[in-house]
């Protein structure tokens, strides 16, 4: 452990010695500054040598030879790039010109690092004065010569202009040349004749704006007149007749050589020769016009003009055809004629006529007749021939195109689509299967102006828009006329249609049988009918609650829907809807059907009601008999000792009062005497046999009367006393009763106040809690209770 601690410094020293050279191989550097300078100044006159100096300062951790890439830019456009190990670069402008003006900047790049200097502006004032060169200072008028304007030491795109100044001092620009580098050459042609001075200048467009140079030196120029105007003579005269021989002489009187002479008419060269020419021809009408004699020397030319008139021996023939409208089968006549001729030179009788069809001669007579037929269609001309001075003259007429028309056939007036719906707008088409175009169709309607359509091109149709017709009789008064000739009668035709559809009228819904309400289970028929309309008609019956319930398509004007065994839920409002191919829907008024109950149901309900009443009556009678029996049994019952059978007694108020020594009028409540059987299975209405005696008890309830209050007589009050008697018997003979008690309780009228309470008269035995029946006073009959 101590050995390892002592060797640790030695290991660290060895590591530093080993990795030290490696770390020193990765040298770092910083481009500290980049400076730009313009020498001798930032503003210099044109032609001054200027140096753009860029210097960089790089900081290293160790000395290194790194390459420096210099970029010189003007207006952010690189104009010079150079790589060197030196830290300074000089870019020379020798000499500096106006195009060198601008904002300069230097950027230096060392490996992956780069840095720029601040920008500096160089202004070069002035422009080089241009030089003008002319290759001919004495040109003839209209003669071309060369001019060169240049500024050889300037840079950039220069726009040169050449000017001339006349002897009177007026100056004008002759030509502005396209931009060029430092020189521009052009060709000039000057007129009129005379002395003038030429000079030039140029303009350069800089970022700071355009600059214009000074004028070049002026050059004197003399424009000489060129005497090469030609002379032209027409013999025998410029006014001749057909058949005359005409000679034209055209020449130039000049000492110049290489002069060419041209004779032209209507931009057509008749003859060409050097210096002089003669042209001889026999005059025709086509030779009438203006003759031009041109003298050409280089690019210079002179002209002389002479008008020649040639009179006709006879006019150009005219070809006519009659009639103008020719239909197939018609006779047509061609006639060829001349409007004038020279009787002194030709004899009209010697004129020869001939007819041509499609350039093929068909006859030599003066007139030509034939019957129109498709084979006769074609291009017709006529020619007239005359003799004069042993010369034959032939003239041809204009072309007449013959195309026999086809007679128009009977037009057909039809409904577009073939179906006519009354009450709706529709379109009709008037058309003829045969007939040459153009065809004029006319539509006539009652109380409407006549409408016309002209069909001029194949494929066109004469379609008319017609407003709705309300009656089918109006169709018979509608007609169409077709015409393709003013001389032929028009063909007419009435309206033809494939199908006429009349919309349905408003339907009427009836109920059969025709009565107000129908009885449930009865058949009902709904009859829907219309007065008019094209069949088939679709009838649809609707119930206002259920919607559509049935539909039927009929070929008649009515249809019916039968409701068999109508039910109560089918009552309500009904209506019908009708439609036909006219696609117009009409709805009837609503009718209401009321459904009465069926007779057997009424009888059944009446029978049930009668049975119910009978049953109710029997119940009432039974109750009355039962009460009567109870009253009778009560009257016959006397208070007995416990004995052989159980009895139910009903006592009158007098008897109860007599038994309890209480005044009858003061009893306020009924007193019941009830015998309760000890066995629940025994019949309540049966009389207990003497062999099985049961305990009996008597219960009497009375109320004391206030002695200070007068008794109230109640004629209808009945007091019942319920006396229960029982006989001492062994427990096993009590049929489940633990004991019986006979007691009497009299309750005074609950109309009394305060201190009057209930009094109980105990009997000999204890009270049977299970069998006692105690009824309280009735608050409805005794409100004071």
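Backbone N, Cα and C define each Cβ position, glycine as well.
Of all ranges given (543-562, 563-582, 583-602, 603-622), TrEMBL attaches the label transmembrane segment to 603-622. Among the stretches 21-116, 317-400, 507-592, the one making the largest number of Cβ pairs under 8 Å with the domain 'Ig-like' (230-309) is 317-400. Note: the domain 'Ig-like' (507-592) comprises 3 helix, 47 strand, 36 coil (DSSP; helix = H, G, I, strand = E, B). Per-class residue totals from DSSP over the domain 'Ig-like' (230-309), listed helix then strand then coil: 3 helix, 54 strand, 23 coil.
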